[in-house]
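Colleague: Below: one structure in structure tokens.
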Amino acid sequence: MNAMKRGLCCVLLLCGAVFALPSQEIHARVRRGARSYQVICRDEKTQMIYQQHQSWLRPVLRSNRVEYCWCNSGRAQCHSVPVRSCSEPRCFNGGTCQQALYFSDFVCQCPEGFAGKCCEIDTRATCYEDQGISYRGTWSTAESGAECTNWNSSALAQKPYSGRRPDAIRLGLGNHNYCRNPDRDSKPWCYVFKAGKYSSEFCSTPACSEGNSDCYFGNGLAYRGTHSLTESGASCLLWNSMILIGKVYTAQNPNAQALGLGKHNYCRNPDGDAKPWCHVLKNRRLTWEYCDVPSCSTCGLRQYSQPQFRIKGGLFADIASHPWQAAIFARHRRSPGERFLCGGILISSCWILSAAHCFQERFPPHHLTVILGRTYRVVPGEEEQKFEVEKYIVHKEFDDDTYDNDIALLQLKSDSSRCAQESSVVRTVCLPPADLQLPDWTECELSGYGKHEALSPFYSERLKEAHVRLYPSSRCTSQHLLNRTVADNMLCAGDTRSGGPQANLHDACQGDSGGPLVCLNDGRMTLVGIISWGLGCGEKDVPGVYTKVTNYLDWIHDNMRP
């Protein structure tokens with residue numbers, strides 16, 4: 001187990017009358033990844049940051065005094081000032097507001113359990129409810145383990161959400177780096193600095209609903225289930241066992257209740273390890289082991305960002321909005337190097353779905369490469385994952401004339417039982433329940449690296465997304481598709497907007513084959529179709545045709561079995 005982290009804090013005792021001095025609690029930081037370096041002040045107690053020449057009030061510990069501070073060249077100059085009660089309420093959660101006597105700055109004296117400029121931060125919140133829109137806790141770590149950036153950082157000034165917005169307090173944003181969900185995404189998130197730039201990432205904040213589950217989310221910090229066996233099959237020791245005297249994480253820990261420890265032997269993760277664990281006796285020796293608690297599925301969850309650029313046939317997109325999208329490359333026998341072949345869909349750690357017609361050349365498996373987590377088709381992504389192919393399975397009844405049974409499975413090669421590692425840009429899509437029947441004209445999404453239009457000689461350089469609607473079966477017939485065969489294993493979807501010859505209708509196109517058609521179902525993006533074929537690209541009143549995934553669930557599961 002990791003040793004308990006300990007921190008030391010130096011407190012400066014301020015004595016005597018009013019005079020200015022540099023604060024020992026506030027240090028200079030130089031932010032990275034910007035065009036120029038900027039010195040700022042950071043309060044180590046509150047984690048608040050202040051720009052050059054910015055002023056603020058702060059209470060003095062163990063005193064009724066209030067100080068006025070000013071950030072000057074990375075050092076805070078502070079002195080005591082007289083205050084009075086605020087003329088209007090500005091503090092939440094029972095906080096007491098005091099305003100400087102001679103200027104408008106104010107400070108809130110917060111009750112126990114609350115912090116922040118306006119006492120808006122709930123320091124006791126350990127998990128989030130629903131989507132976490134109302135979450136006001138102090139979790140500040142992203143799923144990748146990166147530390148969140150302060151919402152007031154000048155590096156975020158041009159981002160859509162920062163602590164400088166007029167409605168920042170209402171959204172939970174401010175001078176802190178805690179996870180929030182200001183845009184009603186699927187869960188709390190924050191900005192992190194990675195690979196020389198700031199980008200948004202979901203947080204590892206535990207969901208309150210996962211506490212009593214039979215599985216765990218993230219690393220299982222909030223797991224409160226009743227599993228009590230380790231991966232080796234050993235029984236966990238009671239957390240209050242006398243054998244554990246001297247250990248840090250026991251039922252005697254001062255924070256035992258908050259950590260989920262007590263008079264039981266259930267698996268827990270009190271120290272933020274990789275997953276739930278417990279103490280065990282092995283060969284008469286006290287040790288610890290990870291537990292056999294399964295990880296909860298996060299299929300179909302994503303960090304969706306609104307596309308900024310409209311292009312022919314759809315919209316440019318980021319891979320984080322479609323983290324199940326795969327790019328399949330092939331080495332052809334008669335040409336050097338790898339070439340983009342088709343799209344694919346991540347449905348489990350080691351399995352990719354695609355279209356059967358992509359593999360009509362019968363490539364040897366070692367000539368295929370699958371890339372996950374890539375926004376630009378031929379430009380490596382910062383967090384992409386690349387795999388060789390162990391084998392691929394094309395449906396035995398695939399008809400290369402009608403494209404009936406246009407489905408294939410690729411198994412990724414790995415030295416372990418796991419292949420793709422879940423991240424904000426790599427995640428599985430949910431397979432549909434067998435009885436899923438979505439209403440006609442349901443709006444869904446497709447994604448891929450295909451051409452912008454049918455006559456284009458080039459594939460898209462960047463991932464695209466398109467929004468289409470499911471056609472009723474009465475409109476998905478040969479009569480509507482120039483007498484091409486439309487089998488029961490197919491479904492149709494298209495852009496139903498009206499428009500003239502110049503209308504930019506969304507649709508799949510050459511190169512998108514094998515990619516996903518996903519629809520929202522029970523709060524998760526669910527795979528409904530596999531991009532298969534069509535007549536042209538983006539033709540008015542002409543839908544695209546997709547392999548109907550619900551018809552192949554047994555085939556998928558049978559072929560994925562060891």
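Quick reminder: no glycine exception, Cβ is built from N, Cα and C everywhere.
The signal peptide annotation in Swiss-Prot covers 1-20. Swiss-Prot lists 39-81 with the feature domain 'Fibronectin type-I'. Annotation comment: Swiss-Prot describes 42-52 as region 'Important for binding to annexin A2'. The domain 'EGF-like' annotation in Swiss-Prot covers 82-120, and the record cites sequence analysis as its basis. Among the features that Swiss-Prot reports, O-linked glycosylation site is placed at Thr96, with the record citing similarity to another entry. According to Swiss-Prot, the feature site 'Important for binding to LRP1' maps to Tyr102. For 311-561, the entry in Swiss-Prot reads domain 'Peptidase S1', with the evidence type sequence analysis. Annotation comment: Swiss-Prot describes His357, Asp406, Ser513 as active site, charge relay system. Residues or ranges marked as site 'Important for single-chain activity' by Swiss-Prot on the basis of similarity to another entry: Lys464, Asp512.
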Colleague: Looking at the active-site residues listed here (His357, Asp406, Ser513), whose Cα lies nearest to that of Lys464 (site 'Important for single-chain activity')?
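Modeller: Its closest listed neighbour, by Cα, is Ser513.
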Colleague: To the nearest whole angstrom, what is the C-alpha distance linking Tyr102 (site 'Important for binding to LRP1') and Asp512 (site 'Important for single-chain activity')?
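Modeller: Just about 65 Å between their Cα atoms.
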Colleague: What subset of the recorded positions His357, Asp406, Asp512, Ser513 lies within 10 angstroms of Thr96 (O-linked glycosylation site), using C-alpha positions?
Modeller: none
Colleague: Measuring Cα to Cα, how many angstrom lie between Asp512 (site 'Important for single-chain activity') and His357 (active site, charge relay system)?
Modeller: 12
Colleague: How do the residues of the domain 'EGF-like' (82-120) split into helix, strand and coil according to DSSP?
Modeller: 0 helix, 14 strand, 25 coil
Colleague: Sorry to bug you, but what's the C-alpha spacing from His357 (active site, charge relay system) to Asp406 (active site, charge relay system), rounded to the closest Å?
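Modeller: Approximately 6 Å lies between the Cα of Asp406 (active site, charge relay system) and that of His357 (active site, charge relay system).
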Colleague: Neighbour count first, Cβ atoms within 10 Å, every protein chain included; then name which of Thr96, Ser513 tops the list of recorded positions.
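Modeller: Answer returned by the neighbour count: Ser513.
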Colleague: What is the separation, in Å, between the Cα atoms of Ser513 (active site, charge relay system) and His357 (active site, charge relay system)?
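Modeller: Cα-Cα, rounded: 8 Å.
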Colleague: Should Lys464 (site 'Important for single-chain activity') be counted as helix, strand, or coil on the basis of DSSP?
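Modeller: Assignment for Lys464 (site 'Important for single-chain activity') reads strand.
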Colleague: Counting across all protein chains present, how many other Cβ atoms fall within 10 Å of the Cβ of Asp406 (active site, charge relay system)?
Modeller: 28
Colleague: Does anything in the same chain, at least 6 positions from His357 (active site, charge relay system), have a Cβ under 8 Å from its Cβ, and if so what?
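Modeller: The answer is Phe398, Asp400, Tyr403, Asp406, Ser513, Ser532, Trp533.
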Colleague: If I take every residue in the region 'Important for binding to annexin A2' (42-52) and average their pLDDT values, what number comes out?
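Modeller: 70, rounded to a whole number.
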Colleague: Using DSSP, would you call Ser513 (active site, charge relay system) helix, strand or coil?
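Modeller: It is coil.
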Colleague: At a 10 Å cut-off from the C-beta of Asp512 (site 'Important for single-chain activity'), count the other C-beta atoms across all protein chains.
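Modeller: Step by step: centre on the Cβ of Asp512 (site 'Important for single-chain activity'), count other Cβ atoms within 10 Å, giving 30.
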